[in-house]
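S.K.: Please find one structure pasted underneath; my questions will follow.
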Amino acid sequence: MLFKNAGDGLRALRPLVHLLVPLCVHWIAEEMTVSVLVDVLIDALCPGDTTCSEVIYFNGLEQTIAGVFKMFSIPILGQLADEYGRKPVLLVIISTSVFPFAMLAWDQSRGFVYAYYVLRTISYILSQGSIFCISVAYAADVVETGKRASAFSWITGLYSASHVLGNLLARFLPEKYIFDVSIALLLCCPIYIYFFLRETVNYGPRQDQESTWSTRIFRGVSKRYRSMRDAAIIVIRSQTLRGISIVSFFYQLGMTGISNVLLYYLEAAFGFTKNQYSEILIVVEAGSIVSQILVLPLVNPLVGEKVILCVGLLASIAYALFYGLAWASWVAYLSASFGVIYALVDPATYAIISKASSSADQGKAQGFIAGIQAIASFLSPLAMSPLTAWFLSDNAPFNCKGFSIVCASVCMVLSFVFACLLKPEDWSSQNSDQDNIEDQEAPLLCSSTG
């Protein structure tokens with residue numbers, strides 16, 4: 001039975017091949033810059049120092065600004081993907097990552113670092129969160145409901161595998177070539193999508209070709225407002241979608257805060273180098289590959305998405321506490337090992353949202369909840385960046401350099417509590433009676449989204 005489930009999961013991936021290939025390359029290209037980026041930014045803004053409060057504040061400002069705009073951009077991009085197709089939206093958002101790294105490949109002086117922050121913020125607004133959102137909607141278009149959890153786990157598992165490969169490239173490539181190789185890989189992604197990815201949404205020709213620009217703008221704004229209102233209604237009316245929104249908010253609030261400051265905390269507390277950063281990230285992602293690609297597809301039919309979500313959230317609490325209270329460098333590696341389990345949170349969340357949404361509303365539901373996560377991404381740095389800088393400085397009220405990470409663990413505890421209260425629902429089973437009554441309309445709805 002278990003091997004049959006694994007085989008079904010692999011067969012479910014066939015329609016996703018031309019989506020997963022460019023996504024993997026994109027993630028590899030971005031991840032290979034992470035460990036070296038810390039050194040580049042600190043050298044440019046605080047030459048000769050091992051820690052730099054300016055970099056921490058700039059990263060917090062970047063995440064805050066991106067978080068503000070992502071509240072609106074991700075739901076809108078999800079709506080556009082439902083209306084105009086997944087492929088054109090993916091082409092636009094995946095292309096934005098090229099420009100910030102081009103700045104650092106050109107020059108790594110202070111001025112170019114500032115330009116990098118500006119372009120990276122714009123890129124985050126358009127692509128951070130929305131790539132996953134639209135990819136999950138694409139998968140929901142081509143994979144049947146019962147196999148979506150396996151498909152989503154493969155997407156997130158390949159995301160982790162890409163991170164491992166990216167970190168390995170960062171370890172063995174000379175630093176002066178990292179940004180050049182990253183840009184070359186990033187450029188390949190939109191080219192591949194353009195030529196090979198099949199569109200799954202059928203949409204009619206536009207009817208306002210003869211309208212004036214002012215009329216088009218008014219109609220566009222009105223349409224976006226109505227779409228956002230409809231997406232909000234879809235989430236509010238569903239008990240499951242309301243619950244998973246709260247779970248996602250608190251989880252993202254805590255995890256975003258940790259990820260934004262973790263590398264700077266490890267460098268200040270334990271003197272971690274670029275290679276040690278890579279080792280930590282490889283430990284997390286390697287475990288994630290196993291749990292998401294091998295374990296989740298086998299376990300999900302037995303226990304369901306809610307149990308997997310709760311177990312993952314428990315692991316995230318342990319992950320945060322061990323990091324925040326780490327008393328030696330080896331404890332950081334122990335904490336990273338919990339990535340094997342908490343990596344299951346994202347695919348379980350996507351599966352719960354997808355099951356509770358109709359085929360025509362996949363992009364809207366995923367996008368709206370991703371927008372809620374963006375609110376958490378906006379709020380988290382407001383507290384985490386100054387709190388981390390304070391406890392890493394000589395003016396800390398007491399000796400606990402990871403105190404901000406301990407505080408972040410409280411958010412994961414709240415997320416776990418709400419997850420335990422969650423009652424997952426299946427939209428298709430809830431609406432089976434309506435589908436029987438509207439027998440002739442359902443095939444039209446499926447064909448418009450698949």
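Placement of Cβ uses the backbone N, Cα and C atoms for every residue, glycine included.
What you are looking at is a predicted structure, and each value in this text was computed from that prediction instead of being measured.
Reproduced below are the annotations present in TrEMBL:
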DOMAIN    1-427  domain 'Major facilitator superfamily (MFS) profile'
TRANSMEM  89-106  transmembrane segment
TRANSMEM  118-139  transmembrane segment
TRANSMEM  151-170  transmembrane segment
TRANSMEM  177-197  transmembrane segment
TRANSMEM  280-300  transmembrane segment
TRANSMEM  307-326  transmembrane segment
TRANSMEM  332-353  transmembrane segment
TRANSMEM  365-383  transmembrane segment
TRANSMEM  403-422  transmembrane segment
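Can you tell me where each of these features sits in the structure?
M.R.: Only residues 6 or more beyond the boundaries of the transmembrane segment (89-106), in the same chain, are considered here, and those with a CB under 8 A from a CB of the stretch are 22, 26, 29-30, 33, 37, 40, 77, 80-81, 112-113, 115-116, 119-120, 122-123, 126-127, 130-131, 134-135, 138, 179-180, 182-183, 186-187, 189-190, 193-194, 197.
Sequence-distant neighbours of the transmembrane segment (151-170) (same chain, 6+ residues past either end, Cβ-Cβ under 8 Å): 9, 12-13, 16, 20, 23-36, 132, 135-136, 139, 143, 178, 181, 274, 278, 281-282, 284-286, 288-289, 291-293, 296-297, 300, 343-344, 346-347, 350-351, 354.
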S.K.: Do any residues, 6 or more residues outside the transmembrane segment (118-139), come within under 8 Å Cβ-to-Cβ of it, and if so which ones?
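M.R.: Hits for the transmembrane segment (118-139): 16, 19, 23, 26, 62-63, 65-66, 69-70, 73-74, 77-78, 81-82, 86, 89-90, 92-94, 96-97, 99-100, 103, 148, 151-152, 155, 200, 346, 350, 354, 362-363, 366-367, 370, 373-374, 377.
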